[in-house]
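Participant: Here it is: the structure, laid out below.
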Amino acid sequence: MITSRLLVYVAVLVLCVIKVSSRDTFIAAVYEHAVKLPNATLVPVSHEEALAVMNQNLDLLEAAITSAANQGAHIIVTPEDGIYGWNFSRETIYPYLEDIPDPGVNWIPCNNPKRFGYTPVQERLSCLAKDNSIYVVANIGDKKPCNASDSQCPLDGRYQYNTDVVFDSQGKLVARYHKHNLFMGENQFNVPKKPEIVTFDTIFGRFGVFTCFDILFYDPAVTLVKDFHVDTIVFPTAWMNVLPHLSAIQFHSAWAMGMGVNFLASNIHHPSKRMTGSGIYAPDSPRAFHYDMKTKEGKLLLSQLDSYTHHPIVVNWTSYASGIKAFPTENQEFTGTAFFDEFTFLELTRVTGNYTVCQKKLCCHLSYKMSEKRTDEVYALGAFDGLHVVEGRYYLQICTLLKCKTAHVHTCGGAVETASTRFDMFSLSGTFGTQYVFPEVLLSETQLAPGEFQVSSDGRLFSMKPLSGPLLTVTLFGRIYEKDQTLKASSDPRSQVPGVMLLVIIPIVCSLSW
C-alpha cells in the first residue's frame, strides 16, 4: 500500500513538474534594425575596424534586447546582416567572421569566451542573452577551414557561411543554421553541402530556424513544419519589398497562415533599398507588424503567442474551385506582367460580380462587391501558372485580385502602393495543383487586415466583413516545389567571380551586395 501510494505521489509530482516547466503562451519580440553600414572598400579592413562596426550595431541591438526583456519577452529575433550590413566581397567580409562551433559542444561564450578562439561577437550576444534572461536570435558570419582532402574546398582554404545563431536565456549556444538558399549577390558566402534542418526546444514550444530567401523553397522551410513539427519559426531577413505579391509583411504573414505556425520575422530597416517590414504572426492572424518607408529609425515589436500551435484543419485548395463551372463573362482577357511573370487577366467592370480566369491548369474564381466603382481605378482578376525565372527559379500558381497601376489595363500587375476603392466582400479560389498555398490580403499603404478574412476547408479565401481600408491585393500564392528545377548556387568560389553581379531591372529580396 505504501509503495502504491508512493508511486502515485511520484507520478503526480512528475506531472506537476512538467506542467510548471512548460508555458502555454510566451511573449515574442522582433526588432527591425536600422543597421550601421561600414564604409565600402575593395580591400579587407583590420579585425579591429570590423569589430568597431559590429559593436556599433550591437549597441543598438543591446538596447532593443534589454527593452524587450524588461517588457517580459522570452525570445527576441534580430535581422539578417544586422551586425555588419551587406556590402562585401568574399575577401572583405572575412574580418567580420568568427568560427561558430556546433551547439553540441555545450558552450556559454559569456562564461568561457576563449574556448573556440577569438569570438567577441558571440561572447557579447551570449552575455546579452544571459544578463537579460532571454533567448536571442542573431545573424553573423561563420568561417570553417578546409584543405585539399575536401574536393570542394575553396581555393582560399575556407568555407564562409551566412549564419543564424541562437543563445538561450542562460547564454548557451543552442542553435546554429547555415543559410542554404543564397540570394543573388551573396558571393561572399558558400552554400552548405546539404540543407541543414535546425530546431531548438524550449519550455514554450519547438522552434525552427531559416533565413530570408529560404522561405521560397521546400528545404529547409517546409521540412521544418511538415517533418519536424515546429511550433514557431524564427526568421532573420534582409528583405526588399516587391509588390504586388512579395512585400515582407504580406508574404510572411501568409506563410504563417498557410503552414499553420507562428512566424517571427525580423527585417533590416533601410528604406532607400525598400527594406522594411517585420512582424509577429500567428497561424490565424498577424499579432504585430511594422512597415515604414518614411523614417530612418528601427522598431521593436512585442506580442503574446500560443506556445504550441494547433494546426488548423487541412485545406483542400482545389475542392471548391474544381466543383463549380466557370463564371460566364463578356469581358476580353488580356495579359499583364507582375514581377516578370505574364499573367492572364480579366478586368472587373462592375461594382459587384463573379469572374473566372484561367491559365494552363489553373482556373481562378472570384466573387466580389465593391463599395463603389470608381472611374479612376481599375481592378483585375489574374492567373499565373508557370516557372518564375528571374532572381531565382521557382514554380508558381497564383490567383490574384489586384489594383492596376493606372486606369489603363496594360498597367495591371505593376507595383501599386495606394488605393481608394474599398471592398465589402470577396471570395477567391483556384484549381491549385499543390497543398502549399499562402493567402494574402494587402490594403492601401502596404497594411495588413488582421481578423478581416479567413480560409475555408474547401479552399476559399473570403472576407468576414467589409475591409477596413482600400484594397491593393487579394492573392492565393501557390508553390509547386517539385517543378522548381532549381539552379543551386555553387558552393565553390572557384566558379564565382568576386565583385561581379547579375544585374536585373528590379532587385527582389534578401541580402544584396550593393
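The backbone N, Cα and C atoms fix where each Cβ goes, glycine too.
Taken from Swiss-Prot, the feature active site, proton donor applies to K179. Under the heading domain 'CN hydrolase', Swiss-Prot lists 40-307, citing sequence analysis as support. Annotation source Swiss-Prot lists N-linked glycosylation site at N39, N87, N147, N316, N354. The annotation signal peptide is assigned in Swiss-Prot to 1-22 on the grounds of sequence analysis.
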Participant: In sequence order, which same-chain residues at least six apart have a C-beta under 8 angstroms from N147 (N-linked glycosylation site)?
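Facilitator: Listed in sequence order, they are C153, G157.
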Participant: Near N87 (N-linked glycosylation site), which recorded positions out of K179, N316, N354 have their CA within 10 Å?
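Facilitator: Candidates kept after distance check: none.
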Participant: From the Cα of N354 (N-linked glycosylation site) across to the Cα of N316 (N-linked glycosylation site), what is the distance in angstrom?
Facilitator: 22
Participant: Sort out the sequence-distant neighbours of the residue listed as 'active site, proton donor' for me: same chain, 6+ apart, CB within less than 8 Å of its CB, listed by position.
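Facilitator: Those within reach of the residue listed as 'active site, proton donor', by Cβ under 8 Å and sequence separation of 6 or more, are Y161, N162, T163, D164, F189, P192, F210, T211, C212, F213, D214.
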Participant: Among all protein chains shown, how many Cβ atoms are found within 10 Å of the Cβ of N354 (N-linked glycosylation site), not counting that one?
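Facilitator: For N354 (N-linked glycosylation site), the count of other Cβ atoms within 10 Å is 15.
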Participant: Tell me, roughly as an integer, the mean pLDDT over the domain 'CN hydrolase' (40-307).
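Facilitator: Taking every residue in the domain 'CN hydrolase' (40-307) and averaging pLDDT yields 98.
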Participant: Could you give the Cα-Cα distance between N354 (N-linked glycosylation site) and N39 (N-linked glycosylation site), in whole Å?
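Facilitator: About 55 Å separates the two Cα atoms.
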Participant: Judged by the number of other CB atoms within 10 angstroms, which among N39, N87, N316 is the least packed of the glycosylation sites?
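Facilitator: If we count Cβ atoms within 10 Å for the glycosylation sites N39, N87, N316, the smallest count is at N39.
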